[in-house]
């Protein structure tokens with residue numbers, strides 16, 4: 001069934017595309033529009049634009065974009081109906097589930113969506129088992145003793161998997177789900193001898209793991225009785241891939257954008273406690289190193305990343321390794337060094353929330369400053385290490401994109417080598433590494449001097465090298481996009497088959513369909529009438545094409561005449577063929593060509 005158009009319009013009107021896109025892309029204002037790195041493909045310079053006035057977005061690289069619905073479809077790989085429902089939930093507009101082809105029999109087309117639905121349904125039962133059953137009391141007490149309030153447990157969706165081999169299995173089976181699919185989703189395990197299925201998580205506190213869109217895609221089950229392993233995580237599945245997921249990103253995205261900084265912690269428990277303490281831009285990996293996929297996504301939100309790992313040797317080693325890699329990828333890297341032997345949870349437990357947030361705010365160092373402070377003893381007592389680390393730190397500072405931050409780092413690092421900031425700066429110039437010093441730097445965006453490379457002017461490929469007739473077609477369509485009256489006055493004046501540019505021909509047809517249902521042209525509404533990225537790009541490019549506000553006298557008529565020249569050329573060709581048929585005396589051909597000429601002339605009248 002079709003969704004009522006009034007519902008679609010209400011959702012679209014209540015959803016601001018700038019706010020929506022900003023949750024996924026770090027945008028900078030450029031003139032009247034906003035620009036950022038495209039979320040749909042990897043690129044070195046920004047080519048993804050958002051128009052707040054027109055409520056559309058468009059990538060001039062991969063051609064993807066559109067209005068709020070099409071952006072949501074692309075970013076989440078879902079259908080139009082699902083996008084409408086999701087955005088409706090976002091702005092509190094009810095969408096009739098039955099009328100939009102959703103049903104309660106879990107007959108969802110995508111296996112991935114079924115896997116997500118399984119996780120979200122079982123979460124409700126895990127939560128119930130934790131908070132409402134006798135079996136969950138011990139686990140609940142364990143959490144409460146560690147500072148988890150009832151409100152926090154509910155907010156995070158924390159639950160309890162009973163000590164039963166078929167709690168999850170039986171629940172999903174009763175709901176009509178494919179047990180094999182539940183196994184592939186990581187909720188069940190399988191006995192490889194008899195191929196029987198049983199619950200993967202038993203007698204554990206269950207922490208839901210969500211993707212960037214806030215959908216549950218996995219679990220981390222924590223023991224509260226001392227059993228091993230301490231944490232049992234979901235296995236790699238089609239919906240749960242650790243290299244692509246950052247814990248808490250769905251909640252932290254807005255704060256990351258607002259603060260222009262992301263804080264990376266070691267584990268999700270640290271994230272929960274830090275978030276509760278007031279640090280809202282925190283995320284963590286799922287027990288893995290920061291991957292290239294993680295970095296690519298982070299760069300689209302911010303270029304500033306702060307590392308706050310545990311205050312032990314392993315945490316220090318991880319900070320040095322991760323920070324070095326991030327610096328090489330063009331990010332501004334900072335470090336918060338926790339007291340020895342402490343993690344964020346322990347710091348908060350000992351000193352309180354206010355002390356923790358103050359510590360985070362006031363004890364932040366550049367990566368270069370942190371690195372040299374860790375290596376200071378070796379630098380002071382080993383001349384070979386002195387030379388080695390002098391070159392390393394010089395290069396690290398040279399990678400910093402801000403000249404102000406570079407100068408601050410020079411001032412902080414120079415005393416550790418007993419040199420002046422000026423001498424260290426000279427060392428940087430002397431040992432300046434070539435652009436390909438780090439061959440794995442795939443992100444680009446900066447020249448060999450650390451300067452930001454401005455994006456090249458955006459060109460509209462389909463508007464390059466247009467013929468005289470195509471230019472007339474473009475201007476004609478632009479005027480038709482101005483208002484419905486103009487369209488109605490001139491629609492019958494042109495035969496669509498006379499368009500030489502096929503994209504323009506399709507736009508002409510789209511305008512007909514659009515004005516059949518709308519009285520006023522709006523690009524955000526119009527893009528809903530096209531299905532291909534190429535045609536969508538043409539429509540958006542026409543919208544951005546500048547033409548005089550009001551047509552001069554007979555201007556549109558002139559464009560019509562030029563477009564119809566194609567039809568005139570056809571008549572001239574028919575006249576030529578008629579003369580040739582007359583010359584050779586073929587009466588039948590003469591009659592045929594004469595009929596064609598008469599028909600063509602009638603079309604023009």
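Think of each number as a place in line: the chain as shown, counted from 1.
Glycine is no exception: its Cβ is also placed from the backbone N, Cα and C atoms.
From a predicted model like this one, the values you see are computed outputs, not experimental measurements.
Averaged across the zinc finger (38-62), pLDDT for the predicted model comes to 87. The feature zinc finger is assigned by Swiss-Prot to 38-62, with sequence analysis given as support.
Annotation comment: Swiss-Prot describes 260-341 as domain 'Toprim'.
Taken residue by residue with DSSP, residue 266 (Mg(2+) 1 binding site) is part of neither helix nor strand, so it is coil. Residue 266 (Mg(2+) 1 binding site) is surrounded by 20 other CB atoms, counting those within 10 A of its CB over all protein chains shown. Summarising the annotation, Swiss-Prot assigns Mg(2+) 1 binding site to 266, 310 and lists sequence analysis as the type of evidence.
Long-range neighbours of residue 312 (Mg(2+) 2 binding site) (same chain, six or more residues apart, CB within less than 8 Å of its CB): 340, 341. Residues or ranges marked as Mg(2+) 2 binding site in Swiss-Prot: 310, 312.
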Going by DSSP assignments with H, G and I as helix and E and B as strand, what are the residue counts for the zinc finger (38-62)?
0 helix, 8 strand, 17 coil
Within 10 Å of the Cβ of residue 310 (Mg(2+) 1 binding site), how many other Cβ atoms are there?
22
The correct DSSP tally for the domain 'Toprim' (260-341) reads 34 helix, 17 strand, 31 coil
